[in-house]
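Here is the structure we will look at, set down as structure tokens.
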Amino acid sequence: MDLDTVIYLAVYGTVTGLPVFIQNILNCVPKMNEAFKGLERHGDKYLSGGMCGHDREGSPVWYDVIGPLDPKGMTHSASKQDLIKSKVRDCEILQKECDLQSERLGRNIESIVMVYDCDGLGMKHLYKPALETYGEILTMFEENYPERLKRLLVIKAPKLFPVAYNLVKHFLSEDTRRKVIVLGSNWQEVLQKYIDPEELPAYYGGKLTDPDGDPRCRTRITFGSEIPKTYYVRDSIKVDYEQSVTIGRGSSHQMEYELLAPNCALRWQFTCEGADIGFGVYKKKKMGEWMKASEMKEIVPNERYNAHLVPEDGSLTCPEPGVYVLRFDNTYSIFQSKTVSFTVDVLLPSQVNQSER
């Protein structure tokens with residue numbers, strides 16, 4: 001079985017004979033590209049997550065630490081297939097621990113607990129290529145590890161969490177969604193309801209530490225960091241833009257988006273042919289009424305971007321409803337028109353299970 005076939009089965013097909021499937025994935029490890037090997041050698045710096053302890057019923061507990069992750073750096077430094085393989089290996093680690101726990105305790109341990117530490121969750125985590133990859137990882141998990149998840153406990157969730165969850169929840173089955181529990185300010189107390197303090201890292205309100213006293217237990221849980229651009233692979237991401245427009249010399253182009261609810265978000269990606277382009281975000285009161293930039297409220301200051309060299313992406317949380325205007329500016333160019341390709345998404349908040357508030 002070649003690498004492409006294995007990945008296709010992982011993401012798009014229900015695989016029977018799971019141990020054989022896992023071995024096929026593991027046999028592909030030597031084929032990872034050099035950039036991803038570099039990331040793995042320094043995983044304590046750049047990746048995130050780890051298995052640490054067991055819940056009160058003996059199930060393994062896996063921690064995912066979201067804040068320090070660098071989604072853009074990750075997707076520029078490794079292929080989608082490599083990132084999926086990394087998560088498959090994590091699943092296999094948990095599978096083996098379930099088997100060992102079954103032997104230790106003399107009863108079947110078949111499910112896991114996940115703790116999502118969302119402290120520091122921000123707009124950088126809504127980077128579209130990374131979310132698309134994460135969606136495929138969730139699909140793989142749903143199709144190849146059914147019923148493995150006992151519960152997923154979300155802690156330190158910021159206001160942006162409902163927006164982020166809304167972007168990925170459609171990858172989850174209804175049964176899995178019911179297992180997602182967002183904890184409130186008493187999250188440490190609630191974690192101890194499920195996990196004995198002796199099995200819970202001190203950083204999360206328990207008593208467990210590393211041998212050197214580290215409360216984060218970083219020999220078992222990695223906390224990630226920004227990925228150096230030296231690991232980036234040129235042209236590692238091919239972006240298919242939804243729209244394209246030619247902006248004449250000395251001219252500009254505006255796109256209007258009416259947001260009817262608070263705490264929505266706007267996300268954009270764009271590239272430009274030939275030379276740089278100006279970009280800014282504004283707010284006004286009415287749809288369909290063209291206004292100069294100077295007549296609108298400036299939300300994101302207009303700047304010139306070298307989008308002809310490196311594609312640009314960005315996002316904005318909009319705490320207030322209203323009409324938001326994304327504006328490409330070519331007014332400073334008196335000789336050259338510009339062709340801009342772009343995608344703009346409106347991200348809506350979503351309600352998820354709220355518990356123990």
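Cβ atoms here come from the backbone N, Cα and C positions, even for glycine.
Curation does not apply to TrEMBL; its annotations are automatic.
As written in TrEMBL, here are the features:
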| type | residues | note |
| --- | --- | --- |
| DOMAIN | 39-212 | domain 'CRAL-TRIO' |
| DOMAIN | 238-346 | domain 'GOLD' |
| TRANSMEM | 6-26 | transmembrane segment |
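DSSP labels the residues of the domain 'GOLD' (238-346) in these numbers: 3 helix, 64 strand, 42 coil. In this model, the domain 'CRAL-TRIO' (39-212) carries an average pLDDT of 91.
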